[in-house]
Amino acid sequence: MSITLSSRGRKIRKLPKSLEFPLDGSIDKLRDEVSSVTRLPVERLRFSTADGTTLLPNTTLRKYGVGPGATIWVKDLGPQIGWRTVFMIEYLGPLVIHLFFILNYKWIYRKDYNLCLNQKIAFVLVMLHFMKREYESIFVHRFSLATMPLRNIFKNCAHYHLLSGLFLAYFIYGPWHANDYIKPNHLLFLIVGWAFAVLSNFRTHIILRDLRPAGSKKRVIPTGYGFNLVSFPNYFFESLGWLFFALLTKSWASWIFLFVGSAQMFVWAKKKHARYLKEFPNYPRSRKIMIPFFL
């Protein structure tokens, strides 16, 4: 059948006015055809009906009640960047920033002093944390969306580069903490607690990865390690790790980072939890959102 194509927003050069396309043809095939004609990557193209309903991949025109002669609106989303690349850039920032501070702290603070053991351990924990995140971004995580607008990269990186990078580094490695002391047994407890939280977070990410086969967008109810108590144990263990970190560093900046990060994760978790309840009628109602037995 013949459908009409029209640009939504900025005019798309070389977009054909009409196209012969079967009613049961997949939206993926439609994207490929329009991409080949306009020479725009498929990730830049978004299709919608006249009422603004977005045409999703792995669906057909028939699903949206599109008939012969109907108008399909095509929007150019602009330059895109892969989500995997976004995550890698986000986590690279703190790694570079903390390394810069640890190598140049005397020059940065204009004072001759030596870092205490707590500060050195804090540096190691930060580096291990974000190296783990880089590893997960490359080898573990599967992304439901392939790309995001390139213009959003600065906004996405701000939290990690500024808050967990510059903000944490400046206030953790400063001379005001150079004489901090924690009893060895207390220090060992905090390190072991941090390691437990980080490894538990990694374990939950592996469980989530294994729930979705590669190339699939299938969604199922997660179970197992932590998931029987809360919907998002990965967020809980992430917050727990930063709690141990804040106790170790004794820095008010670490507590602010813990609060801001945990609050943001709870907002995400609350929305996703509501989606679980709506999508799965048999979803366990006893599960809390993020904090076991409480919230």
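A Cβ is built for glycine as well, from the same backbone N, Cα and C atoms used for every other residue.
Per Swiss-Prot, the feature topological domain 'Cytoplasmic' maps to 1-84 (among others); the stated evidence is sequence analysis.
Taken from Swiss-Prot, the feature transmembrane segment covers 85-105 (among others), and the record attributes it to sequence analysis.
The annotation topological domain 'Lumenal' is assigned in Swiss-Prot to 106-157 (among others) on the grounds of sequence analysis. Each residue in the topological domain 'Lumenal' (106-157) gets a DSSP state, and the totals come to 35 helix, 3 strand, 14 coil.
The feature transmembrane segment is assigned by Swiss-Prot to 158-178 (among others), with sequence analysis given as support.
For the topological domain 'Cytoplasmic' (179-186), the number of residues in each DSSP class (helix H, G, I; strand E, B; coil) is 3 helix, 0 strand, 5 coil. What Swiss-Prot lists as topological domain 'Cytoplasmic' is 179-186 (among others).
Residues or ranges marked as transmembrane segment in Swiss-Prot: 187-207 (among others).
Sequence annotations record features per position, and here Swiss-Prot assigns topological domain 'Lumenal' to 208-223 (among others) based on sequence analysis.
Among the features that Swiss-Prot reports, transmembrane segment is placed at 224-246 (among others), with the record citing sequence analysis.
If you look up Swiss-Prot, you'll see 247-250 (among others) marked as topological domain 'Cytoplasmic'. Counting only same-chain residues 6+ beyond the ends of the topological domain 'Cytoplasmic' (247-250), those with a CB under 8 A from a CB of the stretch are 118-119, 121-122, 125, 172, 177, 180, 182, 187, 190-191, 194.
Swiss-Prot lists 251-268 (among others) with the feature transmembrane segment.
Residues annotated as topological domain 'Lumenal' in Swiss-Prot: 269-295 (among others). Under DSSP, the residues of the topological domain 'Lumenal' (269-295) split into helix, strand and coil as follows: 11 helix, 1 strand, 15 coil.
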Interface-richest range of 85-105, 158-178, 187-207 toward the transmembrane segment (224-246), CB pairs under 8 Å: 187-207
The transmembrane segment (158-178) versus listed stretches 85-105, 187-207, 251-268: most Cβ pairs under 8 Å: 85-105
